[in-house]
Amino acid sequence: MITKLLTKVIGSRNDRTLRRLRKIVKEINNFEPTFEALSDDELKAKTVEFRERLDKGESLDQLLPEAFATVREASKRVYGMRHFDVQMIGGMVLNAGQIAEMRTGEGKTLTATLPAYLNALPSKGVHVITVNDYLAKRDAETNRPLFEFLGMTVGVNVANMAPPEKKEAYQADILYGTNNEFGFDYLRDNMAFRAEDRVQRERFFAVVDEVDSILIDEARTPLIISGPAEDSSDLYTRINTLIPSLERQDKEDSEEYRGEGHYTMDEKSKQVHLTENGQEFVEELMVKNGLMEEGDTLYSPTNISLLHHVNAALRAHVLFEKNVDYIVTEEGEVVIVDEHTGRTMPGRRWSEGLHQAVEAKEGVKIQNENQTLASITFQNFFRLYEKLSGMTGTADTEAFEFQSIYGLETVVIPTNKPMVRNDMPDVVYRTEEDKFNAIIEDIKDRVAAGQPSLVGTVSIEKSELLSNALKKSKIKHNVLNAKFHEMEAEIVAQAGMPGAVTIATNMAGRGTDIVLGGSWQAQLEKLDNPTKEQIEKIKADWRIIHDKVLESGGLHIIGTERHESRRIDNQLRGRSGRQGDAGSSRFYLSMEDSLLRIFTSDRMAGLIQSGMDEGEAIESKMLSRSIEKAQRKVEGRNFDIRKQLLEYDDVANDQRKVVYELRDELMSSDDISEMIEHNREDVLASVIDEYIAPQSLEDMWDIAGLQDRLKNDFDLDFDIQGWLDEDDKLYEEALRERILGMAVDSYKQKEEVVGAQVLRNFEKSVMLQTLDGLWKEHLAAMDHLRQGIHLRGYAQKNPKQEYKRESFELFEGLLDVLKTDVVTILSKVRVQQQEEVEKMEAQRQAQAEQAARRAQAQHATAENQLADDEAEAASPQTVVRDERKVGRNEPCPCGSGKKYKQCHGKID
């Protein structure tokens, strides 16, 4: 109550921000008469002037009013379009590194030109990031004339560009591209072997379009560059044949019959688990099919791989549905469908063998599993930018997440014209059939009135179901879903025509406005070199149709189901009522809808259904509140998953930074001999400690063992026993110094033979190759650790703390092994000539390019990995060993008596 009273008196935080920004808008507007009087050349010269003023010490904020006024004036001259005051406010919010919530049709693309121009002045590069290649190319081409008029260069960063093209694109002042490409380029750059092969420069300022889609919906999707692991396609096929025999154990089963089911499924958390009875049944089937020995168990260490395949196959059959979660193309390829946008995502694959299991289920060719070579989440990638901002039509519901994870404040920008859309209350039916009948009747009424309708569905399956119902009713319509998005632009262009009916699978993220009366630009594009008269006629005809649609009530939105997220529902509604146009919206629900079925209590469902007749609808405030409560619950759960995923990935991210910084240092240095020398001292000192314990008596020294170790591992043939026999005053410290000194002399002799420059190049190559190999193994080890870490909770330990502790130990081990391996290789390998180094370099370069070509974003499916409230990250196929893993501090199995990490130990 007090908070509401205070807000009334002093305004909300958003109101206060807008008041402050409106004062700056007045400053910008004051420049308008002066700038209108400038010639084109004088206006263009402003860019050079601003850059000179920056060099003299002025800040971007000081330049902002003039810079924004310059862009507005240039836009008037190039496009005949003047930025509204609210767009100026949006531009300032973006420049401040915040999120601007701007309604659909308010001109986000034009708004982004303001901060993009201002932040391009320091010549550090501005990245405008969007969700797909089409939008990146479209926005770049749309805004290119404006930026080039002002003397700025524009680039595009999309998939399948050659490295030289990418490198050139990154030199542009303003670069448009997709989130995937920017992330992959970062990973590829950190797999390069030469500094000149890297394409990116510093990450200075980014404007993320559809920021909620990229920073929230995609936050659980790590970007992974992977290489193929061993082929196990036959195993997937054989195990796939066993799964249909399994039966689900219903939660309603009585205790007496509960043991009869083979697996349990939780629809809320999207998890599936074998029961004890199911485990025994699967083991019997495995034995019959020759996959396991009699008396063996799925959970023995040697069968972990089989268990992995069984779990993947079970999830593929039970949790993932064709035409909802994925489609199968005519070429026999399983393609993921994005649950948020309804788009297909070619090239993306689920990890953990799930994609292969789905391929086996559908009877198509099984692709090889993958091993992670490099990985980063979008959350951690975008936090690398010095300044990050974003735009979307729906951000306010996720404002807390933007603030807590990215430190981004959300500012709701007012519309240029008041919103007049009529949002009608939800209507709820008992069955899905009743609901669809009501939707058909509503559509018929709208078509008769000449009002266009946009019908939003949650899956391809539902869109096709509705399409068939409309065909039976002989209602002409278009379907816009993942299967037909090639025709998307044409369908969207005509979706605002009188009486048009468009079915769309999750319109979120489409990036194209539905214009009432259709798109006159689309008609214009069909003409070759249209005359001025033709253009005027098309515009005049369009105005008549536009006014007719407005009179009919504008675009009518029909929601066929509530989404888990209120934001997606708001995005669907937001397609109507753009720029003050008339419009309406209504959601039709049934008690059979997923959200209501899973999250509405049995008592509530019973109360509603008991009083409903067939075909009867209810509008209930209590039910609406219950639905919103369910949505909030799901949103909160998804936020917790993303937050936990980030907490886990932060551990890997800290290690990633160390490794990538080391790579940068190696690649930018021509001479790393000092680093090698320090490593040699550390490694040899550690080896000597094993055989001559510090401050120990001479009787306790193992001189013979030390001599053998130095000879075998470092090619150092020293007669240490002879030194001691000759000099009885050769004490421990002096002996250490002599060994280290002789090792340095031996290496210098090698340098004299092959030449200093050849050896410097070889040192760099060995260090990079060894680091990359160990980092790849380390990523696999981290994945394995992550998969089982939630089990620590049963031992009364905090899984997150255990993960941090053990991953730190793994990383320390990586650094130790890196030093040892590099020193060992450099000591033992005999380089004859520069050609050998170049050959090694070329081989590694080819491997890196091959790996980069395989780059793919793998879905983390984090909601399926939440075990004991601990979200687990996406991981590639687990590499399983036949024997028990040897601890790094345990005795080495080779029988040397040394610790494993000091003998044959490497990061597993």
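Using N, Cα and C of the backbone, Cβ positions are placed for all residues, glycine too.
Long-range C-beta contacts of Q87 (ATP binding site), restricted to its own chain and to partners at least six residues apart, with a cutoff below 8 Å, comprise E106, G107, L110, T111, L114, N416. Taken from Swiss-Prot, the feature ATP binding site applies to Q87, G105, E106, G107, K108, T109, D513.
Taken from Swiss-Prot, the feature Zn(2+) binding site applies to C892, C894, C903, H904.
The compositional bias 'Low complexity' annotation in Swiss-Prot covers 852-863.
Residues or ranges marked as compositional bias 'Basic residues' by Swiss-Prot: 898-908.
Sequence annotations record features per position, and here Swiss-Prot assigns region 'Disordered' to 852-908.
Counting only same-chain residues at least 6 apart in sequence, those with a Cβ under 8 Å from the Cβ of D513 (ATP binding site) are T104, G105, R578. Residues Q87, G105, E106, G107, K108, T109, D513 make up the record's ATP site, and a Cβ search at 8 Å around their centroid adds M102, T104, L110, T111 from the same chain.
When the binding-site residues G105, E106, G107, K108, T109 are compared by the number of other C-beta atoms lying within 10 angstroms of their own C-beta, T109 comes out lowest.
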